[in-house]
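Asker: Attaching a single structure in structure tokens format; questions to follow.
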Amino acid sequence: MALLHISLHPPSPLSFQRSSTTIPALIFSRHSSAKLHQRGIKLAAAALPSESAIADFWRWLRERGTLTQPPPPVRPAVVPEGLGLVAERDMLRNEVVVEVPKKLWINTNTVAASEIGPVTLGLKPWVAIALFLLREKAMGAASLWRPYLDILPPETDSPIFWSEEELSQMRGTQLLNTTFGVKEYVQNEFTKVEDEVILPNKHLFQKTINSSDFLWAFGILRSRAFSGLRGDKLVLIPLADLINHNSSITSEDTCWEIKGKGLFSRELIFSLRTPASVNTGEQIYIQYDLQKSNAELALDYGFIESNNKSRELYTMTLEISESDPFYGDKLDIAESNGLGETAYFDIVLDRPLPPLMLPYLRLVALGGTDAFLLESLFRNTVWGHLELPVSRANEEMICRVIQDSCTSALSYYQTTVEEDEKLMERGGLDPRSEIAIGIRSGEKKVLLQIEQVFGARESELDTLEYYQERRLKDLGLSGEQGEIIFWESK
């Protein structure tokens, strides 16, 4: 029988990937389609950097050689989302917004060249950079990076920073489980680096670094790193990382590049371009990542696109049980077709089921009189058979298991879709409540859709054509209406 786990699989370090398409990070604000979805939705006034801090940051950029002549056509400014880049003049599509030289990037090379470089060798890139940020932050005015660190937010609206009361609004969701998993992962990494690096080198880390500090650094890295510059390539790009996200931008191909500049193009720079024309005084936006789900957007950046159905998904986890008497054969067949003992299927709202989901379900449920298909004789053709209904018993089992699992998953939510929609229509919600309601509503819609799909399929069981009928037709022993043809000698 299929084992259906209604949860996202545990995230991997700084590379939280969805199962079927490239995930991530990681899901989540309700705005009409005319409004904007970007990082740092409506930060509280206390969380915003002061005008003097922004001016110091601009001065620091100039002193470090980022603001060359002519000056960039943008300036950092306080915007409804927090900080953003605002055009100083009219700009055309694909025009350069800012160019940041490599000497201002913060990556593993930056860490290696610092005082803590020797003690961070062998650490995960994000852990090394997190330690660098925290140490520089603790140094205060003595740090060359202070003007940049002073404009970073104390937290984002990512669920990793939510209180228990705020998290309770997401009870029953996959995102809640993912959030707990991410926080546990960060805590484990902190415990390890504290024992192996921080405590043995107190002369380098003179101020206490706690797990909350480490979580802050993790959140900053997740929210500010550009898509494509994560994992081993992880880097922070001061000034460029102030750019916010807009759901109306539907291309992420031309917004940035790393290129050579100067004599023989030896100096690397990060060049940011605007993907759309903007007028003087308007904020410049990019598309963060078209492939991220709402859960990933929320976990990485602290917002969602609640009116974008393509970002609403639910991940179903299916598994071949080790107690299955045909475990070995089923695993071999799954692996021969690019799957494994456990398979993750992302079901997107108003989209067809993933093409490999039904064959895998039929394989997991295969047994009884259908088990002959697992014999080595069928090994090269069995997947083709699984792409179509095998038997009424097999198809009925997967329909009932999926429907029962959806019903069970829906029972863990505290509200219905209708109740969530009324809350959203009423308005007056804080950003985190909007995220929580948007996430749980989206998940429930997908679950109801899955339940409906398999319910409809169950009602059609008597009209489906199964393996035996297809086989008889292939042998010429069955008519068009499924009747058995008897051959009599003359």
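Each residue, glycine too, has its Cβ placed from N, Cα and C.
Quick paste from TrEMBL:
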BINDING   Glu81, Gly82, Leu83, Arg224, Asn244, His245  S-adenosyl-L-methionine binding site
BINDING   Arg224, Asp241, Trp256, Tyr288, Tyr301  substrate binding site
DOMAIN    72-289  domain 'SET'
Asker: Tell me, how many other CB atoms lie within 10 A of the CB of Arg224 (S-adenosyl-L-methionine binding site), whichever protein chain they belong to?
Answerer: 22
Asker: To the nearest Å, how far is the Cα of Tyr288 (substrate binding site) from the Cα of His245 (S-adenosyl-L-methionine binding site)?
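Answerer: Their Cα atoms are separated by 6 Å.
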Asker: Round to a whole number and give the Cα-to-Cα distance in Å for the pair Tyr301 (substrate binding site) and Arg224 (S-adenosyl-L-methionine binding site).
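Answerer: About 8 Å separates the two Cα atoms.
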Asker: Reported as an integer number of Å, what is the Cα distance between Trp256 (substrate binding site) and Asn244 (S-adenosyl-L-methionine binding site)?
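Answerer: The Cα atom of Trp256 (substrate binding site) is 13 Å away from the Cα atom of Asn244 (S-adenosyl-L-methionine binding site).
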Asker: Can you tell which of Trp256, Tyr288, Tyr301 has the least company, meaning the fewest other C-beta atoms within 10 angstroms of its C-beta, among these binding-site residues?
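Answerer: Selected from the binding-site residues Trp256, Tyr288, Tyr301 on minimum Cβ neighbours within 10 Å: Trp256.
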Asker: In whole Å, how far is Asp241 (substrate binding site) from Arg224 (S-adenosyl-L-methionine binding site) when you measure between their Cα atoms?
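Answerer: Here the two Cα atoms are 6 Å apart.
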Asker: Who sits close to Asp241 (substrate binding site): which same-chain residues at least 6 apart have their Cβ under 8 Å from its Cβ?
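Answerer: The list for Asp241 (substrate binding site) reads Arg224, Ala225, Phe226, given in order along the sequence.
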Asker: Taking 10 A as the limit, how many CB atoms besides its own sit near the CB of Leu83 (S-adenosyl-L-methionine binding site)?
Answerer: 23
